[in-house]
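J.: This is the structure I have questions about; it appears just below.
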Amino acid sequence: MTCTKNLNYFSFLIVQCPQPTMAIFNNTTSSSSKFLLTAYPGLECVHVWISIPVCCLYTIALLGNSMIFLVVITKRRLHKPMYCFLSMLAAVDLCLTITTLPTVLGVLWFHAREISFKACFIQMFFVHAFSLLESSVLVAMAFDRLLAICNPLTYATILTDRMILVIGLVICFRPVVFLLPVAVAINAASFHGGQELSHPFCYHPDVIKYTYSKPWISSFWGLFLQLYLNGTDLLFILFSYVLILRTVLSIVAPKKQQKALSTCVCHICAVTVFYVPMISLSLAHRLFQSTPRVLCSTLANIYLLLPPVLNPIIYSLKTKTIRQAMFQLLQSKGSWGANVRGLRGRWD
């Protein structure tokens, strides 16, 4: 009788909380031409609860970046180089959020872990392309701050509308030039089917491990490309701030020093929340093979969600002009809605 009760109890647990190994086995046997996505290994039973804060973060990222992009586009007084680059940053964060949203919520809500090779490569290309775009936009913002503080007299003559357009085109074409050959090479390679990835989205260091060719060559080639591109961007940003600090320290008045540095606080925060998680995740995959999978998943979600969530909050809190424009936009929409309701009442 006791044995029967124990068997019923264990069968109830298996039904309520399927083990990851069973899911992997079923998904692997059903199709060998797909990868298996993973959100938080070992925490499959609480995916629904984990999805609540994740959905809140995605909502903040979508609404915040959409609001900043809309405010800069609609308000003519914000059509200045600094705010144009900020709208580019918001657009890139918005696209990066939308790129990973379907697979992340699919794994957390519906346990939809399978993703085809083609869909995985497309998502991987866009994830890395938008990451490179964000790095390029941060470089452009550093260049903007460098000119505004070190050469304020030539700021308006250098950063004209045409120059901003040229910088925007260079930013857009840069990931295509560097990542398209890599995408073609990866598309031509063959991979082991049914393998389990470490994230709920496709990431190059994670996917390349399952190629039939030598994976370490492709992995370190990707690391070299990432260090060359993002590393060059980071070095330019650091060099820009060295020049900015030298200029600020030469200012005699302390209030002017504080005012000059306050214009760089938001950009410094944006650089920190972007590069630190990205470098940590890349090193965790390539150099530390014994990194726990839960840690890799956490770093991946931080890498994807931290910049899109924090950038709108930082710029709306620290930039008075953006904050006032957002309040005005919300008030105008509220008054427009009230007028529409009043007209409906009159017509009725």
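Residue positions begin at 1 at the first shown residue.
Just so it is clear, glycine is given a Cβ too, placed from its N, Cα and C backbone atoms.
Per TrEMBL, the feature domain 'G-protein coupled receptors family 1 profile' maps to 64-315. Under the heading transmembrane segment, TrEMBL lists 46-73, 85-109, 121-143, 164-186, 234-253, 265-288, 300-317.
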J.: Does the transmembrane segment (46-73) come close to the transmembrane segment (265-288), meaning at least 3 CB pairs under 8 Å for residues 6 or more apart?
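T.: They do not touch: fewer than three Cβ pairs between the two stretches lie under 8 Å.
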J.: Restricting to the same chain and to residues at least six past its boundaries, which positions have a Cβ under 8 Å from a Cβ of the transmembrane segment (164-186)?
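T.: For the transmembrane segment (164-186), the sequence-distant neighbours (Cβ-Cβ under 8 Å, at least 6 residues beyond its ends) are 81, 84-85, 88, 121, 124-125, 128-130, 132-133, 136-137, 140, 204, 207-208, 218, 221-222, 225, 229.
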J.: When you look at the transmembrane segment (121-143) alongside the transmembrane segment (234-253), do they share 3+ Cβ pairs under 8 Å, ignoring any pair fewer than 6 residues apart in sequence?
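T.: Since 3 or more Cβ pairs under 8 Å link them, the transmembrane segment (234-253) and the transmembrane segment (121-143) do come into contact.
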J.: Suppose I define contact as three or more CB-CB distances under 8 A, residues 6 or more apart in sequence; do the transmembrane segment (46-73) and the transmembrane segment (300-317) meet it?
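T.: Between the transmembrane segment (300-317) and the transmembrane segment (46-73), which are separate recorded stretches, there is contact, as judged by 3 or more close Cβ pairs.
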J.: List, by number or range, the same-chain residues at least 6 past the transmembrane segment (121-143) whose CB is under 8 A from its CB atoms?
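T.: Residues 82, 85-86, 88-89, 92-93, 95-96, 99-100, 103, 115, 167, 170-172, 174-176, 178-179, 183, 186-187, 201-204, 207, 229-230, 233-234, 236-237, 240-241, 267, 270-271, 274-275, 278, 304, 307.
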J.: Report the mean pLDDT of the predicted model across the domain 'G-protein coupled receptors family 1 profile' (64-315), rounded to a whole number.
T.: 88
